[in-house]
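Student: Below you'll find the structure I mean.
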There are 2 protein chains.
Amino acid sequence: MDQKVQMLLETVRKLIRRGAHPNLNNLLKKTHPADIAHLFRYLDLKEQRVLFHLVEDVDTAAEVLSEIEHSVSAQLLEQIEKETIVHVLQHMPYDDAVDIIQNMPEELAEEVLDSMQDDCSDEIEQLMQYQEDTAGGIMSTEIFSLREDITARQAIEALQEAEDVEMVFYLYVTDMYNHLVGVLSLRQLLMVPPGRCLRDIVSPDVISVRADTDQEEVAQLVAKYNILAIPVVDDHNKLLGIITVDDVIDVMRQEATEDIYKMAGASEEELMYGYKSFKIARLRLPWLLVNLLGGVVTGYLMWWFQLTLKEVIALISFIPVITGMGGNVGGQSATIVVRGFATGRIDFTTLRQVFFKELRVGLIMGLVCGLVVGGIAIVWHHNPYLGLVVGSAMTIAMTVAATMGVLAPAFFKRIGIDPAIASTPFVQTSNDITGILIYFGMATLFISNLH
Amino acid sequence: MDQKVQMLLETVRKLIRRGAHPNLNNLLKKTHPADIAHLFRYLDLKEQRVLFHLVEDVDTAAEVLSEIEHSVSAQLLEQIEKETIVHVLQHMPYDDAVDIIQNMPEELAEEVLDSMQDDCSDEIEQLMQYQEDTAGGIMSTEIFSLREDITARQAIEALQEAEDVEMVFYLYVTDMYNHLVGVLSLRQLLMVPPGRCLRDIVSPDVISVRADTDQEEVAQLVAKYNILAIPVVDDHNKLLGIITVDDVIDVMRQEATEDIYKMAGASEEELMYGYKSFKIARLRLPWLLVNLLGGVVTGYLMWWFQLTLKEVIALISFIPVITGMGGNVGGQSATIVVRGFATGRIDFTTLRQVFFKELRVGLIMGLVCGLVVGGIAIVWHHNPYLGLVVGSAMTIAMTVAATMGVLAPAFFKRIGIDPAIASTPFVQTSNDITGILIYFGMATLFISNLH
């Protein structure tokens, strides 16, 4: 927590304890809504309720509410009367309101929608039809667009009269049927003679997306072309909305968190549950149970080799290192491929090259680690054959693990399963199994030398 | 690869094969520089060289070069004459040129700097003094700022005359000594009477950063306050440069990739090496060798318990599942804490709550997994005591693992080591060790019942 927020938090807590509401009120007026929202993370339920009610200006309250994280706002909304919620939501951009309503318990969401003014709830219900993770789900519908048949002067006047249109930097130009025909920058508008018709100055090369485009793809386009906003159109190229770069930043952060969580077998969904342990445990358990099954299978294989093991008990000392390293190397390769798919750096065209690169890297690292662990085996158990078996098993297991780390995510992506969620347990389990098979297989083969 | 790029790639390849340079030339003129840059990923060295030389317009060439990934541009620059490189770099925003020069082999970088025009290389060398991952390292110095003592009309005129100033949406206003005094939006400028002095309309609440602010912090500020650009100032509040949101998007993507790579024991640096296996292996090996050591220690502990194991060989069947699950659960908790630190969602104020949450989650999941694996043990080996030992060892090991997953990253962050890089090997190794100790400890305790 940075100092500014720390100080603000202490002051707010002190004022709440003292019941110094007018002072709090003044303080809140001078504080950025994003900073007010930040405070809610650290406040208890009662403090949250008091503070939220003290935000007098409904527009500020709306901004605060839309900036609070979902896990915190879910708690907060339970504390506030329905009427206040409805009032605040009606003062919010529709897309933010949709976002909050979609994260409410279903009952409350229905009640809230019922109590809203008809035009507002209509808009919101329409937006709710789009999938949450598509362009339609994150676009803002309050757009400022200009008809192609007006002049630059008229456009500037329209702009001066427009209110509440957040962040106008691209001016989208449409024809009389609301089809998107092109884009203008505010600066271009200032540069042309005031009498020129927009149709003659508009740039027709505008990058747009469909409402059902995946939000990750939207983020990639914005990042690739360095644009500040992207218009959303329907199947007939009619302008539906706009996605601004600040929403894209949220998407990128969220997608990165999602990928990171998924690869560890957790789900970003748990952020919505705050500190509710049972719900969180339920989200993480399926992945763990798959791994548990894998672990039991590995154990079964070891059980299978018990005769070899009973004969040469020293073999046991390298089981953890063989399975562990296979898992690590496979995890590295899988991480690089999964992230590569997510950022677009790797695709099926370059996969072959990536495969052979990881194979070579796995082999090199396997040779190094095999030498080290083989050396340790010789020094520890005074048995050069054991060193040979352990070392070469390690080299082979690591090389196989690296290739598995490329193939598994690629396979899951090809059959349409999210590689981030499927690869890690699969890679880990299969590498445990192949590691044990290679290790004990070689040991059984050389058993006569190992005594 | 999307269809558009795929088609473009095929056409370009065909034209290169045929030597149809005029056609290629025309095609390139109609293609967005970001798309041209995208192609380079799939071309071989010869094709890259041909294509780059065919981009006639030097500004386009500069844009293409700054959009190409570092791993690819490093190869490309080796193919091109130094004069061309210098010429293109001089037509690039300084910050992009710095970025490219910093990723060149040192020799080439020096040669290039020497051949540049003095004023250009001076600017670049000055920028190169800032750390790559700070605000200074990513800022653009070609800023458009206005003096506070001019009028709105003069400001609009200055804007109309300004060239090549990419993306003006905030107008930064300075005093006569170049101190940053405030900010104006282009729209605000259009709304006020033309004779008003900027000093009277400027908004003094401007969020700025110092040149040495970490780029991750810059990204967090931009995301938090939903701003499109952030000015960079020196210690005396003098305006040095500006960071625009498109650079911030690159930073966020890069930092996310970095964190993901680090947690798997890889380094983002390897992206610079393309397919060079030896260099990549060298980057990944240290982490693996630490884990290798951990694996050997775990093996040593198992060796220690060989008497217990010899007596009850069935114990061996659950070694992989005990160590594996500890690693998984610890990995989940560590991932959540590391990512929480990175996004600012978790800090030392909320760490206590997070710790107890993970403890509860670990216990719940440990009980479920303990029951399952205990049941398997009873059914498999027909020994209820074995089931009890395995099941309760699993429960304890998983609970301990979860708390370790919180404590390790927090500890590393506290002592100033990047938790992303340090946590995973530490958590994994320590959980392997505690898992084995708990398992065999309990087995030794109940050894008389296990026969």
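Every residue, even glycine, has its Cβ placed from backbone N, Cα and C.
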Student: Out of B:163-180, B:433-450, let me know the one TrEMBL marks transmembrane segment.
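Tutor: Within the set B:163-180, B:433-450, TrEMBL attaches transmembrane segment to B:433-450.
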Student: So which residues does the transmembrane segment (B:312-338) touch in its own chain, when a touch means Cβ under 8 Å and the partner is 6 or more beyond its ends?
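Tutor: Long-range Cβ neighbours of the transmembrane segment (B:312-338): 259, 263, 298, 302, 346, 354, 358, 361-362, 365-366, 369, 373, 377, 380-381, 383, 386, 390, 393-394, 397-398, 400-406, 408-410, 419-420, 423-424, 427-428, 430-432, 434-436, 438-440, 443, 447, 450-451.
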Student: For the transmembrane segment (B:359-380), which stretch among B:285-306, B:386-412, B:433-450 has the most Cβ pairs under 8 A?
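Tutor: Per the Cβ count, the answer is B:386-412.
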Student: When you scan the chain for residues with a C-beta under 8 Å from the transmembrane segment (B:433-450), skipping those not six or more beyond its ends, what do you find?
Tutor: 294, 297-298, 301-302, 304-305, 308-309, 311-312, 314-315, 318-319, 322-323, 325-326, 383, 385-386, 388-390, 392-393, 396-397, 400-401, 404
